[in-house]
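Annotation source TrEMBL lists transmembrane segment at 21-46, 66-82, 94-114, 134-157, 169-193, 213-242, 254-272, 292-314. Per TrEMBL, domain 'Cation/H+ exchanger transmembrane' is recorded for 126-338.
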Amino acid sequence: MSSKSSRRPPQPHGPSPSHKQCLKFVATSMMSGFGKFVAIISAFLLSRILHHFLKPFSQPQITSDFLIGMVLATIPVVHETFGDVSVMNLDNIVDFGMILYTFVLGLEMDPYVIFKAPSRPAIIGKSDIGKLAVVAGVHSDMITMFFYSMLFVFLPLEKITKEEIKHVVKMILGILIQSIIAAKVSPFFFNWINNENPEGKALKGSHLVLSMAFMAVICSCATWFGYNPFFSAFLAGLFLPTEGRISKWAISKINYLLSLLFYPLLFFWVGLKIDFSDFQGGQIGTWGRFFVLIFIVVVGKVFGTICGGVLLGFRWPELAAIGMLLTAKGHFHVYLAVHAFR
């Protein structure tokens, strides 16, 4: 016979409170992660759909990426889904994408073209404004990015101290080493890869991996000396050989990856960073400062283009149109603007 004291207490049915909290946390995390996934995928899909409708109006893909990213990311429900940790992860992804962007931007440019005299047809004037604007834009971006790269070296020099000067000299040394290797050593490596992989045959996988590793090492040389990774990648691409099968393969593949995945994500990230509540649209001074800034930028570009082009024999209406086209900014300018106002 069992006594009363030996009876077991009744076992509670169902999960314990701690178990319930754990399940609730897992469910909330899954729903939050699913919401982020849906938001990012929607940015990709809606951008492609909008570009399909805007294409007949001669609008580039960046227009669709910008509109969808800015509108979608600023929706309160979507904006609140991304917390500080998620935005930090997006920061790292966007930073890596901008390194690829600046690298291929430099790789597509020829730094020695600015030292060549312009051809006779270019001085006399072509009527194809689009081609002229592209060439002028490439030159302008190359010089601007080069000045950015050099300016970053001296930005830390707030106080002339021994440590600050040592840091600047260290970065300059890193830039010189990287530029010399990219301009003088890398052509031998690239020529060997191109000779081993002639046109018409598939590129060897081992050579592709070796080439990508070589480019990554070149891009990161200056960063070992404390230099900025974005400008380091740009300078590496600027001095690497542009011609050859490997360089063309890298340009086409990286540009395809950027346009397919990175650009929609970039503008979605920009939308997450922007807080329109800080914009005081009800005040006249806000719009005054905005339009004065636009006026200065447009007049500066147009006036500078006309002054330079008239000396070379171009007609001023075409030069004014080129100056207006040059006021358009690209992905890297948007990225810098976000960081400048944070």
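Numbering starts at 1 and runs along the chain as displayed.
A Cβ is built for glycine as well, from the same backbone N, Cα and C atoms used for every other residue.
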Chain residues in Cβ proximity to the transmembrane segment (94-114) (below 8 Å; excluding those fewer than six residues from its ends, i.e. six or more beyond): 138-139, 141-143, 145-146, 215, 219, 229-231, 233-240, 242, 247, 250-251, 254-255, 257-258, 262, 265-266, 269, 331-332, 335
Folded-back contacts onto the transmembrane segment (213-242), same chain, C-beta under 8 angstroms, at least six residues removed: 95, 98-100, 102-111, 142, 145-146, 148-149, 152-153, 167, 170-171, 173-175, 177-179, 181-183, 186-187, 189-190, 250, 332
